[in-house]
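A quick write-up on the structure given underneath.
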Amino acid sequence: MDVRRRSINSIHQIPSVGGTAPPMLKPKQPTKVDAVDLPDSPKASDALPLPLYITNGVFFTLFFTVVYYLLVRWREKIRNSTPLHVVTLSEIAAIFTFVASFIYLLGFFGIGLVQPFTSRSSHDDVWGVDDDEDVDEIVLKEDTRTVPCAAAPVDCPLPPIKPKVVDPVPISPPSSEEDEEIIKSVVEGTTPSYALESKLGDSHRAAAIRREALQRMTKKSLAGLPLDGFDYDSILGQCCEMPVGYVQIPVGIAGPLLLDGREYSVPMATTEGCLVASTNRGCKAIFACGGATSVLLRDAMTRAPVVRFGSAKRAADLKFFLENPLNFETLAAVFNSSSRFGKLQNIKCAIAGKNLYMRYSCSTGDAMGMNMISKGVQNVLDFLQDDFPDMDVIGISGNYCSDKKPAAVNWIEGRGKSVVCEAVIKEEVVKKVLKTNVASLVELNMLKNLTGSAMAGALGGFNAHASNIVSAVYLATGQDPAQNVESSHCITMMEAINDGKDLHVSVTMPSIEVGTVGGGTQLASQSACLNLLGVKGASKEAPGSNARLLATIVAGSVLAGELSLMSAIAAGQLVNSHMKYNRSNKDVTKASS
């Protein structure tokens with residue numbers, strides 16, 4: 001408190017007790033920064049005990065002397081076959097002197113860089129206190145007595161003084177002016193928006209500048225899109241280019257899902273009301289009946305380049321070469337050289353005229369594996385070019401893979417992880433938890449999921465809403481949302497067992513494409529959700545086991561979601577539940593632009 005009072009007394013000259021109080025002396029309010037007398041700014045070299053040129057000479061001499069001495073000793077040890085780690089006291093002193101002089105010289109060359117910051121910090125405040133209006137007002141109001149603290153009587157009235165608060169000089173930080181210039185250059189097109197990160201070296205600042213430039217160019221506000229609170233360095237060169245913010249999606253928890261004897265709390269990122277609640281009800285029914293079991297049928301990512309020949313015969317020659325078991329070991333060695341985890345499993349070929357499509361399948365460890373398999377395929381193509389010089393590589397992907405598209409080849413052959421998950425739901429659980437009966441569920445499944453989907457010409461869509469659960473889990477755990485297309489391929493089967501009392505329900509999903517490393521899995525939120533499931537990162541004990549476990553959890557969650565939705569439809573509760581949990585109460589006319 002005394003420090004603050006002294007700072008006020010230095011501004012307002014207060015007379016001693018008994019003297020005539022002259023008018024209060026107030027500092028003249030500066031109108032410009034250069035109108036205020038400022039003390040000389042300190043220099044970085046002021047901290048040195050000797051003049052700068054003497055200090056530099058001493059350390060330069062020490063540096064080169066000890067370097068010469070250590071080099072001579074090093075040559076002598078080599079000549080005498082003395083181990084280098086055996087050092088004398090003089091050598092230890094020389095090493096210490098070398099390190100000290102090197103650190104000094106390294107710091108000396110940084111003085112020019114440090115100087116502007118030390119100069120600027122000493123000019124930040126005219127009065128020697130923080131440049132804050134609120135702080136100035138508090139300090140001025142805190143001490144309003146007309147005599148020094150020590151001379152003030154106990155019962156002395158303290159007449160209020162109305163000091164004139166000096167407004168701080170508005171000094172914009174240099175970065176703001178610089179940012180304004182960059183924003184203008186982006187708007188004018190002289191600075192590419194995509195180059196801001198490399199130009200500035202600050203991902204958050206680049207996103208803020210890009211965001212402001214976008215608002216000025218489009219004349220649309222992005223006030224509702226958050227900017228702060230996100231690590232933009234974590235997505236640089238990996239997840240997203242030219243960011244201007246991030247989208248918030250709520251994450252709910254369904255479960256516990258009892259699967260293969262273990263309980264899982266399943267994170268689901270969604271904006272669809274009732275989805276998490278419905279999946280949670282399915283988990284409850286499965287849990288009450290002893291849980292679900294899963295089987296992993298296949299684990300292989302695929303990539304299918306397309307090549308062209310001068311004739312169909314030459315395309316067939318390569319097809320026969322690739323499918324010949326005698327050549328597989330050679331091709332596998334070439335393919336596997338690109339990664340520790342990518343192991344070639346098989347090659348399936350298809351011909352269309354003189355064009356050949358080669359579908360390579362390989363294991364990819366705990367990664368989803370698209371980059372891994374693409375590198376391996378490129379190695380094989382380079383190898384084949386020697387024996388088939390007339391082969392024209394049209395593309396590393398020829399859509400026979402098939403990635404992010406509904407395709408029969410994925411439905412039949414599988415892609416990623418192929419999983420079957422099943423459970424037996426007791427009659428009393430069907431009635432109490434699911435509010436329906438076994439016969440109604442079996443009939444609905446046949447007419448809706450099987451016959452209805454066949455009438456619609458569905459491809460892998462023989463289910464109620466597998467895509468809902470897959471999308472929600474994918475968003476929460478950092479998977480590629482676009483791969484929901486083939487990952488949601490699912491056929492849901494329901495059958496009455498035990499004389500029609502109990503329900504056997506299963507989901508078969510041939511192409512679940514997931515990974516626990518790479519891509520969006522390394523983001524903080526998604527990494528936390530993976531950690532919740534116990535599958536974060538790569539498994540050191542059994543490479544690939546985390547990704548396989550995640551695939552079975554996805555299938556188990558789909559099983560719970562299918563069971564609950566089908567029960568709601570069979571019981572006639574779908575409309576009521578969605579009106580309760582999934583209906584917007586906002587006036588949409590006010591939200592329209």
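Placement of Cβ uses the backbone N, Cα and C atoms for every residue, glycine included.
As annotated by Swiss-Prot, active site, charge relay system applies to Glu272, Lys404, Asp480. For His578, the entry in Swiss-Prot reads active site, proton donor, with the evidence type sequence analysis. Positions annotated as N-linked glycosylation site by Swiss-Prot, on the basis of sequence analysis: Asn336, Asn449, Asn582. The region 'Disordered' annotation in Swiss-Prot covers 1-36. Positions annotated as region 'Linker' by Swiss-Prot, on the basis of similarity to another entry: 115-177. The feature region 'Catalytic' is assigned by Swiss-Prot to 178-593, with similarity to another entry given as support. If you look up Swiss-Prot, you'll see 52-72, 94-114 marked as transmembrane segment.
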Conformational class of Asp480 (active site, charge relay system) under the three-state DSSP mapping: coil
Distance [Cα-Cα, Å, rounded] between Asn336 (N-linked glycosylation site) and Asp480 (active site, charge relay system): 25
Top Cα neighbour of Lys404 (active site, charge relay system) in the set of recorded positions Glu272, Asn449, Asp480: Asp480
Cα-Cα distance linking Glu272 (active site, charge relay system) and Asn449 (N-linked glycosylation site), given in Å to the nearest integer: 22
Structural state of Asn336 (N-linked glycosylation site), classified by DSSP into three states: helix
Glu272 (active site, charge relay system) to Asp480 (active site, charge relay system) - Cα separation in whole Å: 19
Surrounding CB atoms that lie within 10 Å of the CB of Asn449 (N-linked glycosylation site), all protein chains: 23
Other CB atoms, at most 10 A from the CB of Glu272 (active site, charge relay system): 15
Other C-beta atoms that fall within 10 angstroms of the C-beta of Lys404 (active site, charge relay system): 16
Same-chain residues at least 6 apart in sequence whose Cβ lies under 8 Å from Asp480 (active site, charge relay system): Met368, Lys404, Tyr474, Glu513, Gly519, Gly520
Structural state of Lys404 (active site, charge relay system), classified by DSSP into three states: coil
Asn336 (N-linked glycosylation site): tally of other CB atoms within 10 A of its CB: 16
